[in-house]
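Feature table excerpt (TrEMBL):
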TRANSMEM  21-44  transmembrane segment
TRANSMEM  59-78  transmembrane segment
TRANSMEM  90-108  transmembrane segment
TRANSMEM  114-133  transmembrane segment
TRANSMEM  154-174  transmembrane segment
TRANSMEM  194-214  transmembrane segment
TRANSMEM  235-252  transmembrane segment
TRANSMEM  258-277  transmembrane segment
């Protein structure tokens, strides 16, 4: 009995949250300048010619994003046992492979500049894979392993939802944010970050949406509960963020910055999912 109580107290949501933010801050502050400096030193300024603004912005956003995921997963893995440890460890491996793949994409874009356009959307792909892998693993932890066909159906449904979310937002920002909104250099920076935000937000809504719909149709109660929890966070966050962006952008006639907002959703969602999993073990 005492051992069970001690085990349950291992995952302290406040401690994990605070330490995760501290680790994320350290990773983010150290990684952004080091990453960009490494790219310049390895490949020279020729590669950046004509793309230096986009590349610098994208490297900064990617480091911002990946450091938040790595921070929560590593801290949660250290301060947990059982299902939470298994899930966070599994996602750490997935995220590490995605990090290596993204670095490889940077290298490929050096020799094939046409691939530079894929750098931005790859941020959304990374979040998509991490959270899709999370729900699939949760199902396995409850002894209900999804078949290959089940996974294909969930992925297909999520891609349709992803397009339904990202395309209107993508169309809207290019339609309503005209040239007269770009007065300062930072406006271009904020505009690019909003495009990256669209890709990531699409993943964070489409994955739990498709998982919830499919689990409801197939009576996967445990998976439905977790996907619904994340879906609520994602929808509330997206509504508040999008309203804030359009309101401040239209009012001040400058592109409003929402670059860091998505990080808080990722950190909060992962921690809350781990907390739910820890309570039920």
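Placed from the backbone N, Cα and C atoms, the Cβ positions cover glycine too.
Unlike curated records, TrEMBL annotations are generated automatically.
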Could you give the residue numbers and ranges of same-chain residues that sit at least 6 residues beyond the transmembrane segment (235-252) on either side and whose C-beta is under 8 angstroms from one of its C-beta atoms?
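Cβ under 8 Å, 6 or more out: 169, 177, 181, 194, 197, 201, 204-205, 258, 261-262, 264-265.
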Under an 8 Å Cβ to Cβ limit, what residues of the same chain, 6 or more beyond the ends of the transmembrane segment (154-174), are close to it?
124, 128, 132, 146, 191, 194-195, 198-199, 201-203, 205-207, 209-211, 213-214, 242
Give residue numbers and ranges for long-range contacts of the transmembrane segment (90-108): same chain, 6 or more residues beyond its ends, CB-CB under 8 A.
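Same-chain contacts beyond the ends: 39, 62, 66, 69-70, 73-74, 77, 115, 118-119, 122, 126, 129-130, 133-134, 137.
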Using a Cβ cut-off of under 8 Å, list the residues of the same chain at least 6 residues beyond the transmembrane segment (59-78) that approach it.
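11, 16, 19-21, 23-24, 27-28, 31-32, 35-36, 39, 84-85, 88-89, 91-92, 95, 98-99, 102, 119, 122-123, 126-127, 130, 192-193, 196, 200, 259-260, 262-263, 266-267, 270-271, 274.
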